[in-house]
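J.: When I checked TrEMBL for this same protein, it listed these features:
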- S230: active site, charge relay system (ACT_SITE)
- D325: active site, charge relay system (ACT_SITE)
- H359: active site, charge relay system (ACT_SITE)
- 201-406: domain 'BAAT/Acyl-CoA thioester hydrolase C-terminal' (DOMAIN)
Amino acid sequence: MLSQVRLRLLPSARCLFDEPVQVTVTGLRSRQLVSIRARSIDQKNITFCSSATYKADERGEIDLGRDPSLSGSYVGVEPMGLLWSMTADAVHKKFLKTHSSIPQVVKFSVHEEGKGSRMLAETTNERLLIGDGVTRVPVRYKHIRGALFVPLGPGPFPAVLDLYTFGADLSEKRPSLLASRGFVVLTVALHNDMSKDINEIHLDYFEEAVEFLRQQDKVGSKGVGVMSLSKSADLALSIASYLSGVEATVWINGCSANTAFPLYYKNTQLHPPLLFDPKKLKPVESGAFNCKHCVDDTKAEKNKATLIPIEQAKGRFLFVASEDDQNWDSKAYMNQMVDRLRQHRKENFECLCYPGAGHYLEPPYGPYCKSSIHSLARKPVLWGGEARSHAAAEVHLWTKVQDFFRLIVIRCCIATGEINN
C-alpha cells in the first residue's frame with residue numbers, strides 16, 4: 001500500500017506563504033477512511049499540528065478542494081484547512097516565522113485510520129516568505145532601522161511603509177510578501193531601539209521613514225501607503241494626519257486614539273496616551289486573560305486629547321475591524337472614526353468588517369492564534385475569533401489591501417503625470 005498511495009501538492013510543493021495549494025491523495029482503496037495530517041515547526045522550535053479524517057471516493061482518491069473532512073481539526077470542505085487549523089503543542093503560542101529568508105516548511109502525511117495509524121504517504125510543502133527576484137536591503141538611515149524589500153523589474157512600483165507592532169522580533173513576513181506582489185516595502189519597528197523600554201514615541205522617526213521610501217528609484221509616486229495593525233494602527237493614523245506624502249492608510253484592528261505612550265513631533269507633545277489598566281484583565285478557563293475592556297474610554301472628556309485628528313489627512317483610509325476582536329473593541333473605534341470624518345464632511349475612507357474574526361489579521365494560511373503573550377500586558381490574552389471565519393477573513397483582506405494600495409497610489413501617479421492613464 002505504501003508504494004501505491006500518492007500525496008500531491010498542486011500546482012507545486014514550493015510556493016509563496018500566501019498561496020493556496022491543492023492537496024490530493026490517490027491510490028487508496030475505494031471508500032477508504034484515512035487521516036491527513038500537517039506538521040510545521042516555527043522559529044521558536046514550537047511544533048504546530050493538525051489532522052482531519054477523509055473518505056476516499058470509489059476510485060480511491062481524495063481532493064481537499066472537493067471532499068469534506070469528516071472529523072478532526074475542522075469539518076467540511078476546507079482546501080487549506082490543514083494549514084490554518086494547526087495548533088501548537090504548548091499553550092498560548094503564536095506561530096512565529098519572521099525572517100524573510102527562512103520559509104515555512106509543512107510536512108503533510110496520510111495515515112490509515114484506526115490502531116497503529118500506519119503512514120501511507122508523505123510530502124513536504126515549502127512556503128516561501130519572499131518571491132523570486134525580490135531583494136532585501138538592511139536599512140540604517142538617520143534614526144530608522146529596518147529592511148527594504150524591492151521587487152524584480154524596473155518599476156515604477158507603489159510604495160508601502162509597513163509598521164510592525166510591539167515585540168522582540170521585527171516581522172518581515174508581511175512586507176516581504178507584499179514586495180512579492182509588486183510593492184516597494186519598507187518595514188520598521190515602532191521605535192528605533194526595541195531593546196530598550198519605551199517611554200515615548202516620536203513621529204519624526206516615521207517622517208524619516210516616509211522620506212527614505214519616497215527617495216527610492218523604483219517608487220512610482222510621490223505618495224506612499226501605510227500598513228498597520230493593533231498599536232501601530234493609531235500611529236498610522238497620526239502619520240497620515242500630521243505628515244505629508246501619505247496617500248493611503250490601512251488601519252487594521254486599531255484604536256481611534258493614541259495609545260500606550262505619549263506621541264511627540266519636533267519635541268512637542270501631540271497626544272498624551274490613552275491608558276491601559278491591567279487591573280481590568282479578566283482570567284478565563286484556559287489560563288489566558290480577556291483584555292477587551294482594559295483600555296480607557298475614548299469618549300470620556302479626560303481622554304479627548306488622545307483622539308487623533310484624522311480629518312486632517314489628505315489621503316484615503318481603509319478601516320478594517322474584526323467583530324470578535326478581544327484585544328479591544330476595534331469595530332467601535334472604527335465607527336467613531338467614521339462619525340468623526342463625516343462630521344467634517346470627509347468621505348475619504350472605506351470600511352471592512354469581519355464577523356467571527358479575531359485581532360491578528362495577517363497574510364493568509366498561517367495557523368490561527370487563539371491566545372498568546374500580549375507585549376504590553378506581558379500575560380497571555382485572548383485574541384478572539386473562530387478559526388474558520390478568521391482564516392476566511394485573512395484571505396479576503398489580503399487581496400483587498402493590495403487592491404487598495406495599488407489603486408490609490410496609481411491614481412496619485414496618474415494625477416501627477418508620473419504614469420500615463
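Numbering starts at 1 and runs along the chain as it is shown here.
Backbone N, Cα and C define each Cβ position, glycine as well.
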J.: S230 (active site, charge relay system) has how many other Cβ neighbours within 10 Å of its own Cβ?
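T.: Total other Cβ atoms inside 10 Å, all chains included: 26.
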J.: When a 10 Å sphere is centred on the Cβ of D325 (active site, charge relay system), how many other Cβ atoms does it contain?
T.: 27
J.: Cα distance, D325 (active site, charge relay system) to H359 (active site, charge relay system), nearest Å?
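T.: Roughly 5 Å, rounded to the nearest whole number.
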